Structure formats: structure tokens, C-alpha cells
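Taken verbatim from Swiss-Prot:
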- GLU48: thiamine diphosphate binding site (BINDING)
- 249-269, 283-302: FAD binding site (BINDING)
- ASP407, ASN434: Mg(2+) binding site (BINDING)
- 357-436: region 'Thiamine pyrophosphate binding' (REGION)
Amino acid sequence: MNGAQALINTLVDGGVDVCFANPGTSEMHFVAALDAVPRMRGMLTLFEGVATGAADGYARIAGRPAAVLLHLGPGLGNGLANLHNARRARVPMVVVVGDHATYHKKYDAPLESDIDAVAGTVSGWVRRTEAAADVGADAEAAIAASRSGSQIATLILPADVCWSDGAHAAAGVPAQAAAAPVDVGPVAGVLRSGEPAMMLIGGDATRGPGLTAAARIVQATGARWLCETFPTCLERGAGIPAVERLAYFAEGAAAQLDGVKHLVLAGARSPVSFFAYPGMPSDLVPAGCEVHVLAEPGGAADALAALADEVAPGTVAPVAGASRPQLPTGDLTSVSAADVVGALLPERAIVVDESNTCGVLLPQATAGAPAHDWLTLTGGAIGYGIPAAVGAAVAAPDRPVLCLESDGSAMYTISGLWSQARENLDVTTVIYNNGAYDILRIELQRVGAGSDPGPKALDLLDISRPTMDFVKIAEGMGVPARRVTTCEEFADALRAAFAEPGPHLIDVVVPSLVG
């Protein structure tokens, strides 16, 4: 077989059977090889950022890597923002980047670039395959690397390596070694000391077993707990232990951590502010507080379970009760829009949240909704929501996916709607349309750039001129859509979208929070 066939066979034998792709000329042998390996599902995206974001969303729900196929350095560059988010989410991903034929690179053709350097900014593992005979082993190593430490593994494949014969698929990816047991004794001693303690959880600890263990610990010891501001996947809702998220703004996070003498990290990083602000500290750990690392992201749930058995034997974890807000009436606001979502969110839904300022009240409104998963913008690079919803829907076709998306962020990767329509994915996209970059209006004040901004400054934060017609945009990409301005219209549209399989978009008109 040729190199491309060996690559795809090795991927599917290693459990990587979905490939989100935006190919070019140097990847044509990979494209042709798809018909020879029917077990691989290839999905076309119109922009590389959709492919990388979809692979991120897929991994968060499936718990295993997807492949991404990109074209040369510029294609990799186009996908970089959502690769950054995936790196921060600590998800496994195999990125295949096609390159010029080995003998062609010396001619410095127009698309020639330093792919290795670009890949290194987001990848935990990078390798360039130099011969067809090495493709199988290199692909096997990429899969293993992506799963080890949940990271992005990038394999650079020259065109002549793809088309050359003499390649062989690898026998299979070795099983991942079990994590070494964690010594919970020191942290157990801290929690038993009686001094004010806070657990900050992240990684796999924000799913059922980790949440249950952490809730047992808190119940038994009197410690408090928070989860990361932007968790990779937070299981929440009725019947699941409820954890508050660390506040986004530094002032709020500092208030949550005030008085804490011991901060226990279970799969989370030590907290820092997202940006530097004049006169404010970047490190959010209170003065005099000692930081204790219980576990890294990949083994946090197991470490918490062991700690719970040590300090909370027999303790039952409290869980959130079932409750929903009443359906509101009248004009839509951020408050009432959140209540509509909370009142109608289906059981087992996957919520992809990039609602930004418009969604600040969503956590409260959905706290008692039927159990669901909540995916967030881990790396802060906007344009993640629509692509991640694509990947989540591919990973779990039997579950409804609700993408809560802000208008400005949506436009970064709006072509993901086309992929949703092409694959008939069960995704409902809610666009919060306030015609402004509200978060930047807020930050303009917070960074001290001016309490009375002028018209030129405000114009750069206004996206209402011209008004974006998301109904026409969505319909032009094959997604049924409607615009709503009242709570009643929003509720009707949401019910209809949840009742009918396939993609839908609802353009929700809400006022700006800051005028």
C-alpha cells in the first residue's frame, strides 16, 4: 500500500475513525485513500478553524482523538486558534499536515513555510515522516502521544511519502499505562487541620465520578470547592453534585478565594487573572495561602476518589435538586433568555457555551435542569462554539446539542453551519445578537483605557453597522432559521428545534448589557 493508505489504516486500527478535513493538493492521496478504508469517516469543513474546533468538541465527548487533515503551513495557521483552545482543554487530537514533496521543498514554492515551528506552538508532539516505510510506525506513535497526557500530536506528511508504495499499517497502538497511585496523605492532613481550605478542580474531575468524590470530601471536611473558570466538560444538573466555577473577573475570583489558607489543586492550574490590569495582582492565590497539588488533569478523578475514601468514608455526596425557572414573557433580555433555556433544556443535552457576556446568568438558570454536559471556551480564542458543536454532535449522534453562541464569535467560524447541514447534525444554534462586542466595552473601562471613550473607539466595538442577518446567513448554508425578539417566540422556536432532528438556528435579539 502507499503511505496515505498505511496512514489511514493505522489511524482506524488505533481507534481514530473520524477525520475533519480541509485538504489541498498535497493531501490528494490521503483523500483518494479514504475510499479504500471505509471505516474512516471523512468530514469536509470549509475552513480549517472549523476542522480543528470540531476535533476538539469530538474529543471532549467521545473521550478519544479524532484526526484533522490540514493543507501545508497556511492551513495549519488557519486552524491555530482552535488548536490553542484544544491544547488548553487538554484533549487528545491527531493533526495530519500535508507538506510539499521532499524534493520540492528546496525550490521555496509559494506555499512553503516552517510547518514544524508553527505546529510546535500548540502540539505536545511533532514528527515529520521522511519515508513511506515509516508512515505506519509514525502514525502509531502519534496516536499514542495524543492519548498520553491528552495532547495534540502533529504528523507532517510530505506528498511523495503519501504517494509512494512500500508502506505498511502498524499492528496497533499499545494500551495506555495506568496512572501511578497518588499519595493522598499530605492533602488529607491539610483537610483535617481545620484551617480554611479550598479545592480547585479541573481536568477529568469535572465529570461524574470526580464531582461525586469531591462533593464527599467537602461534605465531610468542611472545605470549600470550585472548578476552573472554563472547564473542558462539566457534568451538571439534577442528580449531580453542583460546583461553582471560579469567577472570570479577577475581583470576583479574589472574593471567592479570600481567607483561604490551603488551596488544593486537583486537575486544575493555580489561578491567575486572564489579563493584567493596572494596580491589580496577576496571581490570584491569596497572600499566605499554601498551594498543594493533588493530581494533574488526567488523573484527578481517581486521586479525588482515593482522597474521599481516606477522609470521607461512608459520606454521601449531596446533589443538585430538580428545578426549572418559569417560562418568562415579554421582550427578551439576557435574564429572560437564560430562563427560557433553563426551562426547556432537554435531558442528556450537550451544551456548547460561547455566549460570553450574554450568557452570564445561564449557569443559575440551568442548575436544576435535567443532567447535561457543559463545554466551555478553555483557551479564550473565540470562534470555538459552532465548530465544537459539530464535533460533539458527531461524537454523540443520539444526544441533542445546544450551541449558545455570541454574534461576534459566530462570525469567526460561521461556515461550520454548512458542515452541520451537510452531515444533518442534530445541533440547535442560538445566536445572542446584541450587535456589539460587549466584553470589550467592559474591558475598555477595566484596563483604564478611558472612562469616556470617543466615537472612534466605540466604533471599533460596534458590529451593528451593517446589521448581520443570521437567518439569511444560516439559510444560505442549508440550516433552517428564525429570528425572535420575545420570550414567547424564543420558547416556541426552541421547542420546535429540539423536536425536529437536524440543524437549526435561532437568532435571539437581546439588548447590549452596557448600552
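A Cβ is built for glycine as well, from the same backbone N, Cα and C atoms used for every other residue.
A quick note: this is a predicted structure, and the numbers were derived from the prediction, not measured.
Proximity of LYS261 (FAD binding site) to non-local residues of its own chain (separation of 6 or more, Cβ distance below 8 Å) is seen for GLU195, PRO196, ALA197, GLY288, CYS289, GLU290, given in sequence order.
Within the same chain, residues at least six positions away from ASN434 (Mg(2+) binding site) with a Cβ under 8 Å of its Cβ are THR357, CYS358, SER406, ASP407, VAL509, VAL510, PRO511, SER512, LEU513. When the alpha carbons of the residue listed as 'thiamine diphosphate binding site' and ALA255 (FAD binding site) are compared, the span between them is 40 angstrom. On the 0 to 100 pLDDT scale, the region 'Thiamine pyrophosphate binding' (357-436) averages 97 in the predicted structure. Cβ neighbour count for ASP407 (Mg(2+) binding site): 25 (other Cβ atoms within 10 Å of its Cβ, all protein chains included).
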